[in-house]
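Structure first, commentary second.
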């Protein structure tokens with residue numbers, strides 16, 4: 001079990017460090033900034049690379065909504081859920097702490113003012129989208145993500161391609177929803193940066209736990225009841 005938890009911790013660290021790091025350090029860099037598309041690709045690449053690296057150890061969840069969604073879909077034991085979630089949150093926080101340390105080396109850096117890649121709705125949405133818009137996009141995309149994960153890892157799916165499908169799905173999810181919520185679909189990712197933003201991000205954090213997890217459960221149940229092929 002320790003190896004599984006370590007894999008989830010390292011995998012989530014990589015996701016937050018790579019994905020949020022691209023948003024904090026590279027997205028707005030003068031003239032050469034990578035923009036929304038670059039950040040979306042970075043998140044997808046973090047999952048793709050770590051799924052290949054440690055997916056064979058832990059399953060490569062790196063996300064509490066994925067762990068709980070896989071449990072809802074009958075693919076993951078309930079007794080391991082809490083341990084996985086804790087490992088994911090710890091890995092994310094360590095990554096965010098290192099990002100904060102790096103970003104603080106630039107004169108004028110202010111995590112509270114910049115948002116530090118935090119997720120938000122209403123006045124804290126990158127595009128000014130309402131709480132209802134945030135609810136719909138996070139719910140639908142979290143459910144869709146779990147559908148992709150269940151399908152790509154199904155025993156009838158082509159072997160060896162799951163990390164590619166899942167990484168591309170996460171890229172697509174970010175391309176759709178960065179303007180709406182800055183894209184969560186992952187409570188561990190949201191928690192990690194919210195701690196260092198320290199203000200409104202913590203006040204809205206509950207939303208980015210509840211909605212992605214509910215969406216993940218919906219996705220898991222849809223695949224289990226309607227799409228999964230029975231022997």
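Cβ coordinates are placed from backbone N, Cα and C, and glycine is handled just like the others.
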Residue 58 / residue 111 share membrane side in Swiss-Prot: no
DSSP-derived structure type at residue 189 (site 'Selectivity filter'), helix or strand or else coil: helix
Inter-residue Cα distance where the pair is residue 20 (site 'Involved in tetramerization or stability of the tetramer') and residue 43 (site 'Selectivity filter'), in Å: 8
Residue among recorded sites 174, 189 with least C-beta crowding, 10 angstrom cut-off: 174
Intrachain neighbours beyond the topological domain 'Periplasmic' (103-130), with Cβ under 8 angstroms and 6 or more residues off its ends: 20, 23-25, 96, 137, 178-184, 189-190, 193-194, 196-201, 204, 207-208
